[in-house]
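A quick write-up on the structure given underneath.
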Amino acid sequence: MKALKTILGHFPEYYLILLTVLSVYTPPFSFGINPFAITVLAILVLQVIYNNKAAGLTIAGLFIAGNLYMLLALLSEFNEFPAFTPPAQKLLYVGLSLFALNITVSVLMIARYTRATEEVVVRVAESA
């Protein structure tokens with residue numbers, strides 16, 4: 001049960017690791033391997049191992065910022081359709097679903113690291 005709790009507690013990090021692993025292989029660039037994605041993957045793995053609160057909040061904040069940028073790109077692409085055709089619907093529904101999932105993961109990650117910070121403050125206040 002404790003192992004399941006640990007895995008579920010790190011779900012946002014595991015989700016980001018999965019997304020990064022899926023983006024590592026980019027055939028047209030740098031012989032098929034994306035060095036930026038490998039660096040991000042290493043940072044995420046270190047985050048799972050060390051649970052740094054500042055890094056966790058930074059990663060979540062950057063992920064939210066990236067997703068907001070992609071939401072604007074999605075809406076821009078959607079506006080290029082002349083009518084609300086089935087391809088436009090598919091683009092909008094799939095894009096918004098992925099956006100909602102990504103924002104949920106980011107909020108879970110922020111809540112986890114904010115809660116951990118508050119617990120430390122409460123423990124320090126109780127011991128004083």
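Glycine residues also receive a Cβ, built from the backbone N, Cα and C atoms like all the rest.
Since this is a predicted model, take the numbers as computed values, not measurements.
Now, the feature entries from TrEMBL:
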type     : residues : note
TRANSMEM : 7-25     : transmembrane segment
TRANSMEM : 31-50    : transmembrane segment
TRANSMEM : 57-76    : transmembrane segment
TRANSMEM : 91-111   : transmembrane segment
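Here the transmembrane segment (91-111) lies next to the transmembrane segment (7-25) in space: the count of CB pairs under 8 Å, restricted to residues six or more apart, reaches at least 3. Within the chain carrying the transmembrane segment (57-76), a Cβ under 8 angstroms from the stretch's Cβ atoms is held by residues 12, 16, 43-44, 47, 91-92, 95-96, 99, 102-103, 105-107, 109-110, 113-114, all 6 or more beyond its ends.
Outside the transmembrane segment (7-25), and at least 6 residues removed from its termini, the chain residues within Cβ reach (under 8 Å) are 32-34, 37-38, 40-41, 44-45, 47-48, 59-60, 63, 105-106, 108-109, 112.
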